[in-house]
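Asker: My questions all concern the structure below.
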C-alpha cells in the first residue's frame, strides 16, 4: 500500500471516529405521565487537578455516580457550559475569558491578575448551583422531542476538559427511568473524552435519526479538573435549522414511571401516530349536534390504531333563535329552559331547547337580601326556591342572603392568585360550631385571579395545526346549595403559523341568517392530512319582520308565551317558526315586594309562592317577597342579662322562627350575662390555715339558658392566714457548697383534683456565705432541729442525696434548751444531751440540749507571751474520786473534737477521733507536760455511757463535751464513746512494726514554785456498792483497791483517793466513805458496783476498723462536794484482744534524797499509734515486770538543759537539781520509716509510781520526755526521718493541760492514766 493510500485510509477512519452516525434505529419513548420543561442536572465531586480520571470511558459513562453527589437542579434548557475563573486585579475582581488570557497570568482589559488560577473557586456559575466549577463532574438527563422526522446532528464545538453525549433508549437511559442510576453503556453519540496528556479535537459531532412526536432519552456528562470550563452544545435539525445552547421546546423531563407498559418504542418507524378526525355532516335537525365516535384504523405497519372521530351534524333547514325573552311581574330575572319537540320538513321529530329569559317589569333590587345579625362576621347563604314557569316546568332559583354583623367585621370574600389563565369564582361552604355547640354553615366566596392578564372564560392556546380551533368544554361547579351547575369554557386554539380565516358568507333565499360549519381536508407541508373547519354564514336576500307579537290583557303582570306556526318558504318547503307573544297588563300594578309590621325584634324576609292563571288558561307561579319589620326599635340579637355570679357568661341560644310561609328559620341569639357586682375575672382568693400559698384550678360546669352545659375554669388562690415565706426555702447545711433542689408536692384542690406544686429549696453552707436556715413555727415548747434527707433526681437522671436542716421554733414561750448547772469541777463543762421528739410529721427527730456546768471555785491563770509559759492557780483544791479498773480490765476510749484558745485570741484547734484498746490495766500513753506549769485540776472519769459518750462524767447520757477554764482563755472539748469508729485517728495497741528509739537528756530551767507529788501504797478494803436501775437502787459489799496520792502546789495540798472494785459479787450492805478536809471544803465519795454488761469495742488499724463484743463490769461512784452530788460510771471490759508485746531489759534508776540507785528489770514493750489530721503518733510503754510499790518525790529546780545521745544504748539523763532520773533503753523499734524519739523510765507503772513530766519546745521542734510514763513524737505521714518537725501550734494547748496532768501524775495509778490520756488528747 502506497503512502497516499495509507493516508487516505487513515483520514477515512478518523472521519468515521469523529462523526458517529447512528444508522441503526434508535429506541424512542412515549411516557404517559406529566412532562416538565428542561433537563435535570446532577453534580458530583471531582478532585482538583486530577487529569487522569476523566480520561476513563467507564468513569464518564457511569463511574462518576460512585462519587459524592453534591446536589441537583432541574428545568435547565440552556445546557451549554462556559465558566471563566476570576481575575483579581488592582481595579477589582472580574471573570476572565480564556481567550483573553495573556502572558504569565493576565487578562485583556483587566490587567495582571494577583490570584492563583489553578486553585478551586466557588460560584453559582453552573446552572445556579453553588459548587466549584473548577473541579466538578455533572450529569444532564432529559428527553429530546424532535419536531421533524429525519437526521439530527449534535455537536461539541470544543471541550474543556472532558464530555460525552448519548441519545436513545438503552444508550442514555431506559425509557420512563430517567432518575435511575446510570446504565453501563459506553456507546456514546459524541465521545469528547480528553485523552491522557492530550486534548480532544474541536467540532466533534454525532448524528441520530429520529421520528417526530417521539421522546428520545438524552444524557450529557461533563468533567472539569482545573480552571476554565467550556462545553458549547448545538444540534442541526433535518430542515437545516441549527439550535445552539438554548434547547427550549426540545428537551423535557418525566418522573420515573417504571410500571408504565409500552413506554419504550423500539422502532418508531413501525409505530403510527393518528390524529383526531373531525367530520361535519348535514342533518334534518334544527340545531348543531356534536358526537364523538371511536374507530380502529390499521396502519401501514399492520398494527391497529385507535382513532377518534368527532362528528358535527348541522341542520339542513333554517330555524329561529332559541333564546326567548319574556317580561314578568317578579323582582328578579328568571332564566328557564324549555324543551319542545318540532317535526321537521322531513317528518322526523327533533327535540329543541328554548331558553326563556323572564325579566321583571318594574325596577327592584336583585335577589340578594341583607339582614343584620349578632355575630362577628358576614354570613352569605344561598336559599333555593323553585319557580314553575309559564310552560308548567319547575325552575330552580337562588336567593343569596347576606347577613351582616351589627359590629364591624371583615367580609367573607377571599381573593387568591393562581397560575391559571382565567378568573375563577367558587363558593366554599364551611361549618362553624357556635358557643351552643351547634354547627352553622358559612359561605366563603373565593375569587382566584390569574397572575397574568387574561380574558374571562375564553382561553387561547397555541397548537401546531394550520387552522384555529374553537371548542367548548363543560365543567361542573357545585354551588352553596349543593346542586351542580354546568359552566362552559371556550378554548380557542390558534395555529403557530399564519393562516387565512375559514369564515365564508353566502346569500340565500330564506328569511333568516343561517350559520353552518363545514369540514374540509387540507394536506399540509408535512404530507399529513389536516381537517379544517369552514364556517358558512348564509344571509337572506329579502327583508323579514320579527316574530315578536305584543298583546294587551287584563291581568296585573306581563306574560310572554311562545307559539309555534308553520310557514311555507319560497322553496315550497314548510318551515316551523316561533312567535313570541308578549301580553302586557292594561292597568298599573305594584311590585311583588310586601312590607308588613310585626312584634318581633328583628327584620324577617320570606318568600311566598302564589299561582296566577294566565290568559291562555295556564297557571303561572309567581313569587312575592314579604319583608316583616319590627314595630319597635330594638338592638341586635345580642342580649345582656344580669345574674348573681362572679364572672361574665356568654352563651349562644338557638331559636326557631316560623315565617309567614310556614317554613321554620333558625336564628341565633347571643346572651351575655354580667355579674351584678364588680369582681375579678375567674380568679378567687380564699384564706386557709396552711403556711404557704396554694393555687389550684377548678372546673365548673355552667348550664346556659339553652340547657347546654358550658365548662368554665376558676383559679382558686388560697393564701395563709399568717405570714409565711414564699415557695423558695433557704436552709443551712454542713456541706461546702450551695445546693438548690426542687421538691414536688401534691396539693389536692377543692375539686378533688391533685395539683403539683414545686418548692425550691436552697441549701447554703453554714460557713463562708449566707445561712439558709429554714424556720417553721410549731406547737412544741422548745426549738427542734431535724435533718431530713431527700433524694433529688438531677437533669442527668442520677439521684442525689440532699440534707435539709429544718428548725422548728415554738409558737409560745418554752423552756430554753441551754441549761446551766453548778458543779464541783474546776472548769466549765458543756455537755450535749440528745433527746428524741416525734415531730408533727410522725417522724422521730433528735434534739440536742446543751448543759453548761460551771465550777463553784475560781481558777486564775496567767499567760506570758514572751516565754509561752502558763501559770494556773486553783484557789481551792479538792480530792476527786476516780474509780479505777480491776487488774484484769481493759479500756476502750474514743475521743473527738479538741479545741483551745487563749486570752490573746490565739486559737489552736485540732480534731481527734480515736479508739484506744490496750491489754494493760493502765494506758501508758501521754503528751508530756512542761515542768514550768503549776496547776491543780480535778480529773473526771474518761468513760461515760452515752449514745455519743463524753469525757466529762455526768448523771445523764451526754453527747459531746467542752471544757473551759474560767480564769484563762483556754478551753477544750472532747467526745468519747465505748463503741465508736473513726477513720480519721485511732489509738491502738495492735501489733506495730519496730520503732527506732533514741535517748534524749535535757534540763529545764524554771523559776516557778516546785510541785511535789506523793504517791502512797495501795491497800485493799471493803466498799459498799450501790447499784441503781430504773430508779431502783440496791446496795452490796465488794472488795476494792484503795489508792491515795497527794499533790502540794504552792503550799496547797490535794489528796486523791481511788476505790476500784475488784469483784462483782454482791455481799452484805456496807458503805465506805472517805472524807477529806482541804481548805474548808468537804468532799464525800461513795463507790458502788453494778452488774456485768456487754459493750462493743471498736479496734482500728490502717484506717480499717472492726467491732467486737466484750463483757464489762459497770462501776458507778458518787461524789458529794458542798452539797453537789456527781455520779461517775465506769465500764471495765473483762477481756479484749491483747496487743503484740515485746519483752526487753530496762535500767531502772531510783533516786531519793539525792541518792540514786540503778537496777535492771525485764519490761514489756507495748506500742500504740494515733493518727490526728494525717499526723501519725506512735506510743510506746515499757512496763517493768515487778510489783514493788514505790514512792517517788520529784522536784523541779532551775538547771541547765543538757541532751546526750548514745548510739549503742539510748540513755536519757534529766537533771532537776536534787533529783535525777536516768533511763536506758536497750531496744529499737521503727514504723513507717520515720525516726521517733522514745524514752522510758524505770518507774513501775503497775506499782502506780509517777514522776514529774517535762515538756520542752524550741521553735517548731517539739521533744517530749517522760520519767514515769511512755513517750511519743509526732510528724506528718509524709515527713521523712531527716526532716521530722513537730507542730508549734500544739504548744499552747499542751502546756495548758500539762499542769493538770502534772497534778494527776503524782496521784494514783488511775490519776496517772487520766493524766496520760489527757496529755494524749492534746
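Just so it is clear, glycine is given a Cβ too, placed from its N, Cα and C backbone atoms.
The structure displayed is predicted, hence computed values, not measured ones.
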Asker: Can you tell which of 197, 644 Swiss-Prot marks as N-linked glycosylation site?
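Answerer: Record says 644.
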Asker: Do you know which of 374, 464 is annotated N-linked glycosylation site by Swiss-Prot?
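Answerer: Record annotation (Swiss-Prot, N-linked glycosylation site): 464.
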Asker: Labelled region 'Disordered' by Swiss-Prot, one stretch among 140-169, 770-799. Can you tell me which?
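Answerer: My reading of Swiss-Prot: the region 'Disordered' range is 770-799.
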Asker: Hey, does the repeat '1-4' (413-457) touch the repeat '1-9' (638-682), meaning at least 3 C-beta pairs closer than 8 angstroms, sequence gap 6 or more?
Answerer: yes
Asker: Just to be sure I understand, if DSSP states are collapsed into helix, strand and coil, how many residues of the repeat '1-9' (638-682) fall in each?
Answerer: 0 helix, 28 strand, 17 coil
Asker: In the repeat '1-4' (413-457), how many residues does DSSP put in helix, strand and coil?
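Answerer: Across the repeat '1-4' (413-457), DSSP assigns the residues as follows: 0 helix, 28 strand, 17 coil.
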Asker: As a test of reading the model: what is the averaged pLDDT for the repeat '1-8' (593-637)?
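Answerer: So the average pLDDT across the repeat '1-8' (593-637) works out to 74.
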Asker: Within the same chain, where does the repeat '1-5' (458-502) have neighbours whose Cβ lies under 8 angstroms from its own Cβ atoms, ignoring anything closer than 6 residues to its ends? I mean 6 or more beyond.
Answerer: 380-384, 396, 398, 421-422, 426-427, 429, 443, 522, 524, 530, 532-535
